[in-house]
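So that you can see what the record holds, here are the features copied from TrEMBL:
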DOMAIN    132-414  domain 'NADH:quinone oxidoreductase/Mrp antiporter transmembrane'
TRANSMEM  32-52  transmembrane segment
TRANSMEM  86-106  transmembrane segment
TRANSMEM  113-130  transmembrane segment
TRANSMEM  136-156  transmembrane segment
TRANSMEM  168-192  transmembrane segment
TRANSMEM  212-235  transmembrane segment
TRANSMEM  247-265  transmembrane segment
TRANSMEM  277-294  transmembrane segment
TRANSMEM  306-325  transmembrane segment
TRANSMEM  331-349  transmembrane segment
TRANSMEM  382-405  transmembrane segment
TRANSMEM  417-438  transmembrane segment
């Protein structure tokens, strides 16, 4: 289905190009920049929703709304965009979380013009990556994230912001080198002229050794971004220092780019190598769940504890991808969406709480629930969603991943039982560090009885309640009716796996 109107191009370029005009708006206070940015985000979200409602067919597993325009003749480089059931969920998630993150960034007053532009630049890069149908364009959109995140970290972060920003850029830029090598290798191999088109590359076969090399290159890049252990150490430092609106974008969207690339490129384009690597991915995903849970429990810093919980939850996505079943892959996609909402909400609430009490270490907190009952209620709700309480989206996603690995025909019975048992231990550990976090923050009387502390202990305002409730509603809705997300991806997942087994 080829679109005669460039809807996807408009969706990709609108935030960064319209957002760049923020530098030409006369300064009349920060409110002008805030409302201008929120209006751009809302317009973008409305256009995206309209296009998907009226121009996208859910029962068609093929690429829709395709656009193909030659960009650079000498390299035969094309501007290729298109969406299918795999990309529509992350794109809608990006629009939703970015709009709320912009609203969450309301207290930012220092150089707010640049801050909001960088958020809009990230918006364009993320939408562009999820809708790319060209390998080099995919790489460019992947790289477009680095500069905004680096600046948001280094200019609006905490005391160790420069260290965290430098660590982030070194890790992600290092991983991008391997991504670029894989992109160029796949583009140059096997054709009379270079091609980077996903459609043609999907029909290309490679020698097994070369396919393994390509797979490893892409996997290293995704392991940094996702993150997958042992390339995860940048994440706690980054989340510990970044402003909470930046953390919402990182946890809600940026981490999901690696998982999306693992499905879109490694599974679709390199199936033989994925078949060889999937047992190792299964082991790494299981180790990640078990490793990150006790590590999270040992963190004194509130944001770092939530960051390690993100590492643990990303393990379920890796296991779902490694299961090579319809159920497991659908569960992984559902976990991408679910954790996008829950992770963004937890970082938003932790950031607003730390701003009020001027503390980040859990052992210094206590008794916050008495003066701040609204924040306590929302924080508890999202913590329950994170520990996979039935009725919340996290429960459905993790349960479907469990079914996916148990029913996988690729693995023997005993390894599946062992993996399932170890995953169950990880699920038991998750409530321990989350409930411990709630106990240290909200119960007792430490801060409530502290002298002069009531000046800072102000409960959640209407803006913060609005952001929290807007994220809580889809978390509950997906938990009650997950078919809404499955209906987007189920046909595409069947197509990926049918090509996978019959190739």
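Cβ atoms here come from the backbone N, Cα and C positions, even for glycine.
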Top Cβ-contact partner of the transmembrane segment (212-235) among 86-106, 136-156, 247-265, 306-325 (pairs under 8 Å): 247-265
In contact by Cβ distance (the transmembrane segment (417-438), the transmembrane segment (306-325); 3 or more pairs under 8 Å): yes
Best-contacting stretch, by C-beta pairs under 8 Å, relative to the transmembrane segment (247-265) and drawn from 32-52, 86-106, 136-156, 331-349, 417-438: 331-349
Long-range neighbours of the transmembrane segment (331-349), counting only residues six or more past its ends (CB under 8 A): 86, 89-90, 93, 97, 100-101, 104, 239, 244-245, 247-253, 255-256, 259-260, 263, 303, 306, 309-310, 313-314, 316-321, 375, 378-379, 382-383, 385-386, 393-394, 396-404, 464, 467-468, 471-472, 474-475, 478, 482, 485-486, 489, 493
